[in-house]
2 protein chains.
Amino acid sequence: MRNIRVLLEYDGSRYDGWQKQGNTERTIQGRMEAVLERMTGHPTEVHGAGRTDAGVHAKGQTANFKVPEHFSAEETGEYLNLYLPEDIRVTEAEEVPERFHSRLNACGKLYRYRIWTGKKRPVFERKYLCGLGHDLDEQAMRRAAEYLVGTRDFKSFCGNRKMKKSTVRTLFSIDVRRDGEEIALDFYGDGFLYHMVRILAGTLIEVGEGKRTPESMTDILEAKDRQAAGFTAPPEGLCLMQVDYGAAGEERKHQAAGKQRWQA
Amino acid sequence: MRNIRVLLEYDGSRYDGWQKQGNTERTIQGRMEAVLERMTGHPTEVHGAGRTDAGVHAKGQTANFKVPEHFSAEETGEYLNLYLPEDIRVTEAEEVPERFHSRLNACGKLYRYRIWTGKKRPVFERKYLCGLGHDLDEQAMRRAAEYLVGTRDFKSFCGNRKMKKSTVRTLFSIDVRRDGEEIALDFYGDGFLYHMVRILAGTLIEVGEGKRTPESMTDILEAKDRQAAGFTAPPEGLCLMQVDYGAAGEERKHQAAGKQRWQA
């Protein structure tokens, strides 16, 4: 069998997220697996690097799966694009070593959360922005972000209350950038808990609104209680931008470490 | 009464075009007029600079209408944005002299036609690109464009066969630009006939495919017959980018005249 890695972009608006559920028709993974089963004649399991929630988009999701030797990576990518709907697209397809696993081998993921602070969202970006409708103090958000980066127990930022595994993750950096009426938050980390990026975004929005202080981030982390953190920001503002493996991921981590105040 | 000029952007995907028809619900003009009637309590006529077809988009449509003195331009713009659907947005609103008319006073209009030559359209731009699926010879398209600019009878490029008024228009410039797998055609002129931009785009696509020579543009113009020109390119690739008035329009014309081979 050949192990194929694909880079994917999708508009998550009409999907129940990445992960296959009962109704496979409405998940990205389900759609991919249906097309691959059609191509190969066999059930095929697709592993995605990030399990994006319902309504969350991707520009750089990475996935891998096995196909029989007589299908090349190029053919497989073209077949997927032909039969996948227009809101899911393979942008790259290549053969990778047999042991490569897109989720287990990922060492860095970049998620972007986009907020529109103006009154009405720009028409052509409306589905990819969280429409807030008022301005935010981005300096306060930047100061708050400094308290959040590092290797920490993010239990307060985990949307799954029954989480039994470790809630410790490393957040390498959070960049807060303004472009006119848009504020974009870039979260780069080694992995994220259920709803973690959206709860971080919601909490930082509350800081930007003056409802929380930057310093209060320490208390939230220490509480290890979902109730202590802010709201879960809506899914449409979120996009999985990039997944890093091996050398690229390591380099990015070092850059991030040099740029941000670092706490282990 | 106050004369208000607004700049508009809209995603034309789900509309029957700009101009009000029997069913006003599905036209941009109809939607605008319904909101203004709600605001003022009176029927209000909205004049648009360009009568975009069904499915055509706008980033810089200009429109004007009269409202009672006690409504400011700012209030009017905010009211429109509040009650217009999320795929239509007012980006600017200002009071203009009583005699200003957005269509009659326009002296330059810029339409952009975007073609995707790759196999599958990028997900986040899929509704705003014509998906061609194969490459084009853009050098040939550029040479063909030189035969089309100038003040000419564009009867062969008019989709309305019963057109009784003059079919002479001035096309100041056509720019053919490539950005990776996208080819964008910018048409700047003083006015456009029914379907004219889409027939120009379709004809240039056929040149890019090698089905017509650049030199054959002369024969098409001389034929003064719709049958002589190429196909009507689909609406989703088209967007009204900008409408110029007065000094701005004059300056742009001079720039265009200097850049392109010019024939009066």
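Using N, Cα and C of the backbone, Cβ positions are placed for all residues, glycine too.
The active site, nucleophile annotation in TrEMBL covers B:Asp53. The secondary structure of B:Asp53 (active site, nucleophile), as reduced to three states from DSSP, is coil rather than helix or strand. With a cut-off of 8 Å between CB atoms and residues at least 6 apart in sequence, the same chain places B:Gly12, B:Gly17, B:His195, B:Arg198, B:Pro235, B:Leu238 near B:Asp53 (active site, nucleophile), listed in sequence order.
Every protein chain considered, the tally of other Cβ atoms within 10 Å of the Cβ of B:Tyr111 (substrate binding site) stands at 24. Annotation comment: TrEMBL describes B:Tyr111 as substrate binding site.
According to TrEMBL, the domain 'Pseudouridine synthase I TruA alpha/beta' annotation covers B:9-103 (among others).
According to TrEMBL, the feature domain 'Pseudouridine synthase I TruA alpha/beta' maps to B:144-245 (among others).
Mean pLDDT, taken over the domain 'Pseudouridine synthase I TruA alpha/beta' (B:144-245), works out to 96 on the 0 to 100 scale. For the domain 'Pseudouridine synthase I TruA alpha/beta' (B:144-245), the DSSP-based tally of helix, strand and coil residues reads 37 helix, 32 strand, 33 coil.
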